[in-house]
Amino acid sequence: MEQLSQWLWKQEYWLPPGICWEDMEKMEGSRRPLPRDLLLALPLALGFIMFRYAFERCVAFPLSRVLGVKDQVRLKVAPVPTLEAFYTKNSRQPTQSEISSLVYQCNLTHRQVQSWFRHRRNLDRPSNSKKFCEASWRFVFYLLAFTAGLVSLISTSWFWDQTECWRGFPQQPVQDAHYWYYMLELGFYCSLLLSVSVDVKRKDFKEQIVHHFATIFLLGFSYCSNYIRIGTLVMLVHDSSDFLLESAKMFNYAGWKRTCDALFVVFAAVFLLTRLVVFPSKIIYTTLVLSMEVFEPFVGYYFFNALLLLLQALHMYWAYLILRMIYKFLFLGKLDKDERSDVESEPEEEENEEEEDRSSWRKRKVVLDSRLAMLSSSCVLNNLTNQKADVNRRLPKAR
């Protein structure tokens with residue numbers, strides 16, 4: 001264990017050439033970054049989870065009723081133990097061969113089994129109230145984090161000139177405000193990772209998991225290596241657009257379509273500007289190019305920049321989804337879905353599938369009724385024609 005610790009904390013991994021841990025201990029200032037400070041993230045994460053639970057019950061849920069959030073009424077399924085066991089243990093979406101086997105076991109029709117699974121999946125889908133509460137919690141945190149981060153950074157030299165991030169690096173004292181900014185952000189993302197099993201699973205669920213892990217590793221490593229100045233700028237850039245997205249979701253669940261569309265347009269503009277312009281030109285360029293004017297590349301340099309490039313790849317993926325939504329908004333005149341992250345992994349088309357079946361059945365019924373009407377009318381006409389012919393044949397004899 002001791003050998004593993006010595007290997008993990010080799011100064012060649014964490015510090016640039018010519019700097020050792022003893023030099024970091026001689027740093028002047030009120031606070032210097034210590035790896036053991038990261039242990040504070042776990043109790044903070046648990047505190048965030050408990051505070052979130054209270055916030056959603058006492059604030060977010062009543063607010064959802066005030067804004068008019070409505071939950072869809074979903075049909076209950078008949079209790080079928082065999083289907084329920086398959087649903088919970090095997091798969092929520094059985095294949096055609098599995099459905100055929102279940103039809104034989106349950107003595108049901110193929111259509112009844114499909115309908116049962118469709119209704120059962122709809123029962124497990126999160127309600128609008130749950131999604132509203134989750135979005136409102138993230139909105140509050142991102143808004144407070146962005147405001148606090150902007151207030152603490154706007155008076156610093158590296159906020160306006162990113163080359164100041166490397167002046168005296170890595171022997172840079174950490175201000176208390178930036179220390180708590182780091183710890184709270186790290187605790188919040190740890191809480192998101194711990195509660196991922198109960199949160200709404202969205203279309204980009206895997207990308208969100210990668211994003212959370214990359215963010216946690218980025219915050220932890222940058223704190224230990226004293227990349228804190230550039231790290232605070234990374235957090236500020238991300239928080240600047242996230243609270244706009246969450247507010248747009250809130251109004252979307254409440255049915256305020258115009259407000260949602262307006263907020264989404266503002267969010268898209270801020271997201272594309274900060275993530276595709278500011279982040280690569282100011283943050284990545286600073287860490288990848290300008291930092292080499294101060295120190296030679298080392299292991300931590302490559303690792304830190306690899307995480308930043310991974311985040312940028314995720315930004316490009318989300319920007320593609322957002323641009324698709326903008327295209328739909330411009331040419332269709334509305335925002336049907338949040339292509340970025342508001343579409344659950346369970347397709348919403350399932351609810352419409354039954355409606356389509358009903359509409360198709362109605363169409364078939366109309367066609368059938370029209371054909372029956374035509375058939376009956378033709379039969380009536382034939383009878384009238386036959387009767388007229390009989391009358392005409394009888395008229396000469398009567399005369």
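Heads up, the Cβ atoms here are built off N, Cα and C, so glycines get one too.
On the 0 to 100 pLDDT scale, the model's mean across the DNA-binding region (85-128) is 80. Residues annotated as DNA-binding region in TrEMBL: 85-128.
Residues or ranges marked as compositional bias 'Acidic residues' by TrEMBL: 344-357.
Annotation source TrEMBL lists domain 'Homeobox' at 83-127.
What TrEMBL records for 130-331 is domain 'TLC'.
As annotated by TrEMBL, region 'Disordered' applies to 342-362.
Annotation comment: TrEMBL describes 38-55 (among others) as transmembrane segment.
Taken from TrEMBL, the feature transmembrane segment applies to 139-159 (among others).
The transmembrane segment annotation in TrEMBL covers 179-198 (among others).
The transmembrane segment annotation in TrEMBL covers 259-279 (among others).
The feature transmembrane segment is assigned by TrEMBL to 299-323 (among others).
Between the transmembrane segment (259-279) and the transmembrane segment (179-198) there are fewer than 3 Cβ pairs closer than 8 Å, counting only pairs 6 or more residues apart in sequence, which means the two stretches are not in contact. Sequence-distant contacts of the transmembrane segment (179-198) (same chain, six or more residues past either end, CB-CB distance under 8 Å): 31, 37-38, 40-49, 52, 141, 145, 148-149, 152, 208-209, 212-213, 215-216, 219-220, 223, 228, 231-232, 235.
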